[in-house]
Every structure is written in structure tokens, then in C-alpha cells.
């Protein structure tokens with residue numbers, strides 16, 4: 001029964017945790033401007049994160065050590081330091097965007113300006129990260145994030161022209177857009193699905209939960225059921241935006257617009273549920289990114305880390321987390337728009353993706369660490385193929401941002 005509960009909760013938290021501020025923004029913006037023409041990118045991203053999350057989880061379960069710890073040992077401190085610098089920067093910026101997402105959700109619920117909520121969110125976030133057990137963090141906010149299933153319900157409540165919507169899948173840009181903006185948003189969607197912190201958190205979480213070889217089945221169910229179901233939420237968000245905003249040629253540039261299709265379909269009750277979902281998903285992602293900043297730095301320097309030990313025993317880890325939360329909140333208090341911050345963070349994330357995923361692929365093929373659980377031919381084929389896609393996205397991200405004026 002205990003094992004069944006672990007599997008069930010693992011699936012649910014993966015579903016609830018898949019959609020963060022990046023997915024909310026990227027999918028709603030894309031649906032409003034391109035309909036379902038870029039839905040294929042979400043599917044590509046889901047497969048990619050499954051491939052590499054499985055590698056990261058397997059590394060943690062078999063070796064008992066998180067990915068970043070082995071990256072430093074396997075590739076050396078200099079290469080790992082470059083990885084650390086890029087990964088930490090993106091994760092810290094993502095943390096700031098998630099704090100902004102929580103503040104925006106509270107603004108929707110209270111009408112109090114989101115900037116007034118930022119310091120409150122930062123303080124509460126730090127206290128929760130400092131005092132709450134890992135399993136509680138993972139399960140409570142992951143499960144509450146499932147309130148975003150309301151997007152699926154809204155989609156089937158709205159008057160959807162299904163033949164037209166499904167006919168858009170896989171086609172080129174509409175007449176109002178060009179191939180450059182099509183490519184820009186494709187990269188943003190791909191980066192949203194494969195954000196670096198997800199694999200750092202997943203592997204470190206496996207160590208926190210004391211995974212062993214016996215837990216490989218649990219790990220695989222979490223990855224190959226949880227992430228795809230979470231991806232369906234992303235597609236539902238995109239489809240809702242496509243139905244409501246694309247026919248009116250409305251561009252989405254605020255979280256309030258992201259929630260509007262649900263309010264139109266389901267009224268005040270639906271709006272309340274979707275606000276809860278946005279709050280839980282972004283707060284949960286803020287917890288994950290906050291922990292991930294501490295995980296990467298502490299694992300690189302060989303410090304004690306994580307929620308598995310008392311805060312006093314992992315003081316440097318918690319200090320890094322605190323500093324990261326302060327930096328993320330301070331960035332928002334410059335009055336930078338949280339949605340704009342999210343957009344730029346996604347593009348920067350695309351640039352540093354190779355630094356995250358190449359080392360994972362290397363370690364996943366090292367028999368010294370994984371023994372008989374190293375990648376087989378199919379896993380390596382998928383891993384190398386996706387690494388090629390990641391490299392193309394990384395190379396194209398900045399030029400497309402410049403050419404399109406960040407998708408304008």
C-alpha cells in the first residue's frame with residue numbers, strides 16, 4: 001500500500017508540477033497567435049523531458065547521488081563550473097518569474113497590486129523552504145496544482161470549432177505571422193517544457209526520498225505517466241487561448257488573459273479554481289526552483305544539502321536558497337514585468353540547455369556509476385537526437401529574439 005501511494009502521489013505531483021509560469025505564458029501566448037499550429041512542439045518537449053528526466057532519475061536511484069554531484073566528478077571542476085554558472089543564472093531568474101506568478105495570482109484574487117505581494121511571497125516562500133519537509137512540499141502543492149485541470153473542462157465547455165482547430169496542428173504560421181516568429185515561439189515552448197531546474201530537482205528529489213534500484217519502477221511511472229499527463233494541461237491552455245483569442249486577433253501579455261477562457265466557460269467558480277491552480281502551480285515551481293539553486297551550488301562545492309538533514313547541518317545550502325529568493329524578489333521590485341521576465345528567461349534557458357543535458361547523457365552512459373542500468377541503444381538514440389534539437393534551439397534562440405524583437 002505504501003508503495004502504491006508513493007507511485008500515485010508521484011504521478012499526481014508530476015502532473016501538477018509540470019505547468020509553471022513559463023508554460024502558462026508560452027502556451028497561452030502561442031495559442032492566441034498561432035492557434036494549435038505549434039502544438040507539435042509541446043509533444044516534442046514532453047518526449048524530451050521524459051527521456052532526460054528518466055536518465056536523471058535512474059542516475060539518482062542507482063548511484064544514490066544527484067546528477068550535479070556526478071557531473072563535477074565525471075567532467076571535472078572547470079567544465080562543471082561553466083555548467084553551474086549557466087544553470088544557476090537561469091534557475092534564479094526562473095525563481096524570480098515564479099515569485100512574480102504567485103504575486104499575480106494573489107493580485108487576481110485580491111485586486112491588491114502584485115508588487116505589494118512580492119515581499120510577502122518571498123518571505124513565506126523562504127519560511128516554507130526552511131521549515132517544511134520535502135514530501136509535504138512535493139505533494140501538497142503538486143496536488144493543488146491539479147486545479148489547472150479546469151482548463152480541460154473549460155475547453156470542452158467552450159464552443160470549439162474542432163475540425164478547424166485540429167486542422168491547424170502541424171501547419172505553418174497564419175497569414176498574420178511569419179516564419180521567424182513561428183520559430184521564436186517554437187523555441188520558447190520547447191524551453192518551457194525542458195527547463196533545466198526540472199531535472200536537477202527530479203534527481204535531487206530522488207536522493208531526498210532515498211530512492212534505490214528497487215524504486216526504478218516508481219521513477220519510470222512518475223516520468224512516463226506524470227509528465228505526459230502534465231503536458232496535456234499545457235495543450236489545454238493553448239487550445240483555450242486559440243478558441244477565445246485567435247479569432248479576435250488578441251495578443252496575450254498578462255496572466256489575467258490566460259485565465260479568461262476559463263472564466264468565460266465556467267463563470268466565477270471556474271475563475272476561483274483556475275486562480276487556485278495558478279497560485280499552486282507557480283508557488284510549487286518557486287519551491288522547486290528555490291531548492292534547485294541550493295542543490296546545484298551545494299552539490300558542486302560538496303556541501304551538505306537538502307531537506308533530508310536539519311537546516312543547521314545544511315546551513316550553506318539554505319543560505320544559497322535564501323540569497324536566491326532575495327535576488328529573485330529584488331529583480332521583480334525593479335518593476336520588470338513578470339511576463340516579460342518569463343519570456344526572456346525561457347530564451348536564455350534555451351541557450352544553456354546543452355550545458356544541462358550533455359553531462360546527463362554522458363553520466364547515463366558511464367558503467368562506473370550505473371553498471372547494468374546505463375543507456376541502451378534506444379535511450380542513446382533518443383538522447384543524442386534530442387541533444388541535436390537542443391543545440392539547434394540554443395544556436396537559434398538569440399538571433400530569432402533579435403530578428404523578431406522578442407516575438408513582437
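Including glycine, each Cβ sits where the backbone N, Cα and C put it.
Per TrEMBL, the feature transmembrane segment maps to 38-60, 81-106, 112-129, 141-162, 182-202, 223-245, 265-287, 317-334, 346-364, 384-406.
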I'd like to know if the transmembrane segment (38-60) touches the transmembrane segment (265-287) in this structure, counting it as a touch only when three or more C-beta pairs sit under 8 Å and are separated by 6 or more positions. no
Residue numbers, six or more beyond the limits of the transmembrane segment (317-334), whose CB comes under 8 Å of its CB atoms: 91-93, 95-100, 103, 115, 118-119, 121-122, 125-126, 129-130, 290-291, 293-295, 297-298, 303-306, 311, 341
Restricting to the same chain and to residues at least six past its boundaries, which positions have a Cβ under 8 Å from a Cβ of the transmembrane segment (38-60)? 27, 30, 66-67, 70, 168-170, 182, 185-186, 189-190, 192-194, 198-200, 202-204, 206-207, 211, 216, 219-220, 222-224, 227-228, 231, 234-235, 238-239, 357, 360-361, 363-364, 369-370, 373, 375, 379, 382-383, 386, 389-390
Best-packed against the transmembrane segment (182-202), counting Cβ pairs under 8 Å over 81-106, 112-129, 223-245, 384-406, is stretch 384-406
Do any residues of this chain, six or more beyond the ends of the transmembrane segment (384-406), have a C-beta under 8 angstroms from a C-beta of it, and if so which? 44, 47-48, 51-52, 180-181, 183-184, 187, 190-191, 194, 343-344, 347-348, 350-354, 357-358, 361
